[in-house]
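**Student:** Annotation comment: Swiss-Prot describes 1-72, 144-204, 361-411 as region 'Disordered'. Annotation comment: Swiss-Prot describes 15-25, 36-50 as compositional bias 'Polar residues'. According to Swiss-Prot, the feature region 'RNA-binding' maps to 34-172, an assignment based on sequence analysis. Annotated domain 'CoV N NTD' per Swiss-Prot: 38-163, in sequence order, evidence recorded as sequence analysis. Marked as RNA binding site by Swiss-Prot on the basis of similarity to another entry: Arg82, Arg96, Arg137. The phosphoserine annotation in Swiss-Prot covers Ser132. If you look up Swiss-Prot, you'll see Thr147 marked as phosphothreonine, on the strength of sequence analysis. Annotation comment: Swiss-Prot describes 167-197 as compositional bias 'Low complexity'. For 238-361, the entry in Swiss-Prot reads domain 'CoV N CTD', with the evidence type sequence analysis. Among the features that Swiss-Prot reports, region 'Dimerization' is placed at 249-359, with the record citing sequence analysis.
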Amino acid sequence: MATPAPPRAVVFANDNETPTNSQRSGRPRTKPRPAPNTTVSWFTGLTQHGKQPLAFPPGQGVPLNANSTPAQNAGYWRRQDRKINTGNGTKPLAPRWYFYYTGTGPEANLPFRSVKDGIIWVHENGATDAPSVFGTRNPANDPAIVTQFAPGTTLPKNFHIEGTGGNSQSSSRASSRSSSRSSSRNGRSNNSSRNASPAPHGVGDVVGAGTLSVLLDLQKRLADLEAGKGNKQPKVITKKDAQAAKQKMRHKRVATKGYNVVQAFGMRGPGPLQSNFGDMQYNKLGTEDPRWPQIAELAPSASAFMSTSQFKVTHQSNDENGEPVYFLSYSGAIKLDPKNPNYNKWMEILDANIDAYKSFPKKERKQKPSGDDAATAPATSQMEDVPELPPKQQRKKRVVQGSIPQRSAGVPSFEDVVDAIFPDSEA
């Protein structure tokens, strides 16, 4: 009799088990992507095509942001050196500058106006140095905003704003990719952005509508700026303005390139009413000197000046009416903290500017003869080194000197006429 086959084991599937690759339907699981860089600027960069570094006049250089206030418009431009790998090695590319708000980006821990290579600070009038609420951009979620500046902003030569001109196609492709990503997210928020974004509806909205709103807001802001509702364009100092500045009290004046330090406050020197601070560059540019932000940090506030100075009223002279003229003399001290990130820059500035007048090139002033001496000796100062010639040779090359009445006062003698015609003959 045949042996019966053993019963087949029955296995019940677990609903929680994951099917194997052979049983799984649909596309295979994709590899996890690395986390995107979350320290990217909100704005497109500025490409530098020359040796001149990026620089903006005071009060300029902050990209337009539809959601920012003047107090928030402060930050830094950071240079990014680029290179490309070729068959013969690496080839450097034109550097590109990107803007970040204060307290954000790769230099988030850098104090406002700190000196560092490849970093320039910009701010609008009325901006504060507080860390910004705008954070940085996640390129996987949001496209870059094309950099735009307020009317009147002076962009250095050989700089190109990315996203304009030849880059319009790439910007369009980036917008379409971002639009498809945004529609699949269904309004998810950007975890890398802190608190706020320059986009008018925050992060995660459909890019088409968001971009249109940004353009409308920027257009309105540009119209307000042109109409004078926003920040005014930098004022050009004219001769009339300089003359009006002279009417201000001396200690209330502001030296600029159009009304320099010497014009506003006088020559540098050791006198009791003179200042010994200022090199040639500072004397020429005043507050438009690129070093001015660091120089201004050394100046005390009005409260500190009045509260930390030694004062003394001194009598210097009398005016035209004989009334006494008094001056308020003061002296004080400022501690230079070596822990401050600008300490080395301060020492460099102080070393270059204190008593710099002593090394200025001296100009020789021509003394103008006064009174009768001007008529009798008009050109003696220019002829001092000429050797004295014999009498006859002097008559050969006679130089008529003196005023017109003097030249016509006398008539030459017969001997002078003969010597002039026949220089080798004897009278």
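Just so it is clear, glycine is given a Cβ too, placed from its N, Cα and C backbone atoms.
Would you situate these features in the structure and describe their surroundings?
**Tutor:** Confidence across the region 'RNA-binding' (34-172), taken as the mean pLDDT and rounded to a whole number, stands at 84.
Among residues of the same chain six or more beyond the compositional bias 'Polar residues' (36-50), those with a C-beta under 8 A of the stretch's C-beta atoms are 63, 65, 77, 79-80, 94-100, 105-106, 134, 136-140, 142, 144-147, 155, 157-163, 192, 197-198.
Within the same chain, residues at least 6 positions away in sequence whose Cβ sits under 8 Å from that of Arg82 (RNA binding site) are Pro92, Leu93, Ala94, Pro95, Arg96.
Under DSSP, Ser132 (phosphoserine) is assigned to coil, being neither helix nor strand in the three-state scheme. Taking Cβ-Cβ distances under 8 Å and a sequence separation of 6 or more, the neighbours of Ser132 (phosphoserine) in its chain are Gln72, Ala74, Gly75, Tyr101, Thr102, Gly103, Thr104.
Listed in sequence order, Phe43, Thr44, Gly45, Leu46, Pro63, Phe99, Ile161, Glu162, Gly163 are the same-chain residues six or more apart from Thr147 (phosphothreonine) with CB atoms under 8 A from its CB. A coil conformation is recorded for Thr147 (phosphothreonine) in the three-state DSSP classification, outside any helix or strand.
According to DSSP, the domain 'CoV N CTD' (238-361) comprises 52 helix, 19 strand, 53 coil.
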**Student:** Let's see if you can do this one: DSSP helix, strand and coil counts over the domain 'CoV N NTD' (38-163), in that order.
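**Tutor:** Here the numbers are 3 helix, 41 strand, 82 coil.
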**Student:** Please work out the number of neighbouring Cβ atoms within 10 Å of the Cβ of Arg137 (RNA binding site), leaving out its own Cβ.
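**Tutor:** So the number of other Cβ atoms within 10 Å of Arg137 (RNA binding site) is 28.
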**Student:** When a 10 Å sphere is centred on the Cβ of Arg96 (RNA binding site), how many other Cβ atoms does it contain?
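**Tutor:** The answer is 18 other Cβ atoms.
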